[in-house]
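Novice: The structure's right below; bear with me while I get my questions together.
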Amino acid sequence: MASSSTLPLCANKTLSSSFTNTNSSFFAKPSQLFLHGKRNQNFKFSCNANSSETDKNLDAVDRRNVLLGLGGLYGAANLAPLATAAPIPPPDLKSCSKAHINDQEEVSYSCCPPIPSDMDSVPYYKFPSMPKLRIRPAAHAADEEYIAKYQLATSRMRELDKDPFDPLGFKQQANIHCAYCNGAYKIGGKELQVHFSWLFFPFHRWYLYFYERILGSLINDPTFGLPYWNWDHPKGMRIPPMFDREGSSLYDARRNQSHRNGTIIDLGFFGTEVQTTQLQQMTNNLTIMYRQMITNAPCPLLFFGQPYPLGTDPSPGMGTIENIPHTPVHIWVGSRPNENNVSHGEDMGNFYSAGLDPLFYSHHANVDRMWSEWKALGGKRRDLTNKDWLNSEFFFYDENRNPFRVKVRDCLHSKKMGFDYAPMPTPWRNFKPTRKSNAGKVNLSSVPPASKVFPLSKLDRAISFSIDRPSSSRTQQEKNEQEEMLTFNNIKYDDSKYIRFDVFLNVDKTVNADELDKAEYAGSYTSLPHVHGDNATHVTSVTFQLAITELLEDIGLEDEDAIAVTVVPKTGGEEISIQGVEIKLVDC
């Protein structure tokens, strides 16, 4: 069944480089596989990239045959179902250009992939028969035998970097993330971005699938599964020891050195260390997980992120888990700005370099695990049914260096893809905050109404205000049909800066915002520095929504016509302006 094809590869320049097929059964200003289909297919790769070529048929895209390429709900759209438009068509791989760290600094190397000479002939991927599921273990619980296999597989992948254009090489795998997250591709004149939208979960699931199959092929073990970093459980809330052994293929020196050696992670980290106990930090983490998985994600678009069809701007809005804890974990792990003689965070601390840290893949394995855990919670927590999402496609090389297309619709069930996660307890499910800051209701006459506070030109200090609700004393049926959403309209900030603010209900500005295990904690908004299309001013405008139906029940405010809200800036508040705030009832 092994393929014997030899593929000359290149990346936007003339190159003669041959491969013998493998036989196998955040960031400071980021400008930033392995499939298995028919064997014995031969593909030619073009080494003559024509940067002047553009997508010629954008207006005549076959919506059933769309390729997104190699390659969040906080956004400008609301939760209403999106009218069918069209999936984003493929980027022109031949016109792949330099990725950018920021508007002035380019990535010093090309992140572009080897280019098949005829993209139209690239087949769709078909899953191979798998008599046994690949089980992904919790990294902190892995035994030494497993760790040795993982280290060997990663070492062999790194050795493939001797040929910089081998698509199976460690750096080429990292470049996949760079190319699609740091502006190397444009489509229809707009940057192609797989973060900050509903593409976040399916893109990274396929990415890990391919990466995992390559590792398995390099050690001749088709059952090998990537470990997941179990940061949602107290026993996993530190860098797993296997990744913290200097000299190992899994170690990366470009990490925040103060977060090594068993330091408890802060799942809400945004550059500032919270001065608290380990117990309080773990408690904060479990509270964040409860809010992001349950309270704030009762509806699909809140979890997955905003729609991103053809013709819309990139980065329409993150889902809950991409916002927190995904982004803070990147920043917590990566090197700090001005560390290692660079002005921005490196490796996990920046989109373009994140894949250069092996811990990236274990971090995203747990992010992916949250997809399955979220659906298991029930209610309306289910996959999107929008065809523009289901028909979006990506492009990867498999473990035999053959190119394939893959569809979002084919990655909705991990077991059908041949993998599953070793079970671990999820204590955050039962970690609804019950401790209250106030015994009763805040005196609304002591805080100004929202109309007197907004528009707000600068969130440089904590603010409190009262706001009217559209309806009170709703029945359970009414709650099931519509979610009550606290909505911050037209938030503007400099997207080259770190941004975070926290939101509380029924408290005033004296709230201790370092203790999140309070019933009044509603959620947080975050943004890591990133290149945002052709936005030379770096000013981004978003809408931020928090689901508060459950919160109002827990605090005992269901029958109130108005409530008090407090917003506490944590990072970059001087860069944030807010046009207005309202509470809306939205179909879930």
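Glycine too: its Cβ is placed from the backbone N, Cα and C atoms.
Under the heading Cu cation A binding site, TrEMBL lists His177, His195, His204. As annotated by TrEMBL, Cu cation B binding site applies to His326, His330, His364. According to TrEMBL, the feature disulfide bond maps to Cys96-Cys112, Cys111-Cys178. The domain 'Tyrosinase copper-binding' feature in TrEMBL is assigned to 195-212, 357-368.
Walk me through where these features lie, including what they touch and how far apart they are.
Specialist: Using a 10 Å radius centred on the Cβ of His195 (Cu cation A binding site) and all shown protein chains, the other Cβ atoms total 24.
Every protein chain shown contributes to the tally, and the Cβ of His330 (Cu cation B binding site) ends up with 25 other Cβ atoms within 10 Å.
Around Cys178 (disulfide bond), a 10 Å sphere centred on its CB holds 28 further CB atoms from the protein chains shown.
Taken as a whole, the domain 'Tyrosinase copper-binding' (195-212) shows an average pLDDT of 97 in this prediction.
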Novice: Taking just the CA atoms, what is the gap between Cys112 (disulfide bond) and His330 (Cu cation B binding site) in Å?
Specialist: 23
Novice: Just counting, how many other CB atoms are there within 10 A of the CB of His364 (Cu cation B binding site)?
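Specialist: So the number of other Cβ atoms within 10 Å of His364 (Cu cation B binding site) is 25.
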Novice: Which of Cys96, Cys111, Cys112 (the disulfide-bonded residues) has the most other Cβ atoms within 10 Å?
Specialist: Cys111
Novice: Between His330 (Cu cation B binding site) and His195 (Cu cation A binding site), what C-alpha distance do you get in Å?
Specialist: 13
Novice: Distance check, please: Cα of His326 (Cu cation B binding site) against Cα of His204 (Cu cation A binding site), rounded to an integer number of angstrom.
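Specialist: Between the alpha carbons of His326 (Cu cation B binding site) and His204 (Cu cation A binding site) there are 12 Å.
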Novice: I want the residues beyond His326, His330, His364 whose C-beta is within 8 angstroms of the mean position of the Cu cation B site's C-beta atoms, in chain order.
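Specialist: In sequence order, the nearby non-listed residues are Glu322, Thr327, Val329, Ala354, Phe360, His363, Val367.
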Novice: If you run through the domain 'Tyrosinase copper-binding' (357-368) with DSSP, how many residues end up as helix, strand and coil?
Specialist: 10 helix, 0 strand, 2 coil
Novice: Using a 10 angstroms cut-off on Cβ to Cβ distances, just flag whichever of His177, His204 is the loneliest among these binding-site residues.
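Specialist: Among the binding-site residues His177, His204, the sparsest Cβ neighbourhood within 10 Å belongs to His204.
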